[in-house]
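A short write-up of the structure that comes next.
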Amino acid sequence: MSGKKRTASSSRWMQEHFDDHYVKLAQKRGFRSRAAFKIEEIQEKDKLIRPGMTVVDLGAAPGGWSQVAVKLAGDKGKVIACDILPMDPIVGVDFLQGDFREEKVLDALLTRVGDAKVDVVLSDMAPNMSGTGGVDQPRAMYLVELALDMCHQVLAPNGCFAVKVFQGEGFDEYMKAVKEAFKTVKTRKPDSSRPRSREVYLVATGYKL
């Protein structure tokens, strides 16, 4: 019994230490969230965003990914962000608050994109977790399916897509759908992603539909 308690305690300590490290690092670098390190690491490996690009950031609040994206896209680039939660303004980011699952919010987002094709779609969306896998997983998969639908509507030929997906029911089918739409798909687990989390990031390049 004591062994089990000790294991749980050690695991909890590791998690807290891990979180504390990235939270402190985010504060030091002026990032709004530790999630900024995830897109930084993906960018370092996959070079998704370049100066002058147009980027859509779904599930953007509190703004960690948008901070990184706007810096990479530069003055001639464009970052359009959306979240159901409010987000403090970021210079160079066009933010729309609303529920991406609603048609009117999607329409408003498409209006902001305009006629220009998008180079990169980012999605760090996740549902409010209930702790019940049978409820949470379908909700999470619905969001990533909407993000892929967004790619089909706005992404330029050879465009890129980075999306957070939770491993579980529906993951394999979703991976297949992404592979059908892009030339290359890689699975990333950034160092800043919590070790025990089921989240992974699919990084897809070369949009071909």
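Using the three backbone atoms N, Cα and C, a Cβ is placed for every residue, glycine included.
Going through Asp46, Asp99, Asp107, Asp149 against Swiss-Prot, the one listed in the S-adenosyl-L-methionine site together with Gly63, Trp65, Asp83, Asp124 turns out to be Asp99. Residue pair Asp124 (S-adenosyl-L-methionine binding site) / Lys164 (active site, proton acceptor) shows a Cα separation of 5 Å. Largest Cα-Cα distance over the residues recorded as binding S-adenosyl-L-methionine, namely Gly63, Trp65, Asp83, Asp99, Asp124, equals 18 Å. Under the three-state DSSP scheme, Asp83 (S-adenosyl-L-methionine binding site) falls in the strand class.
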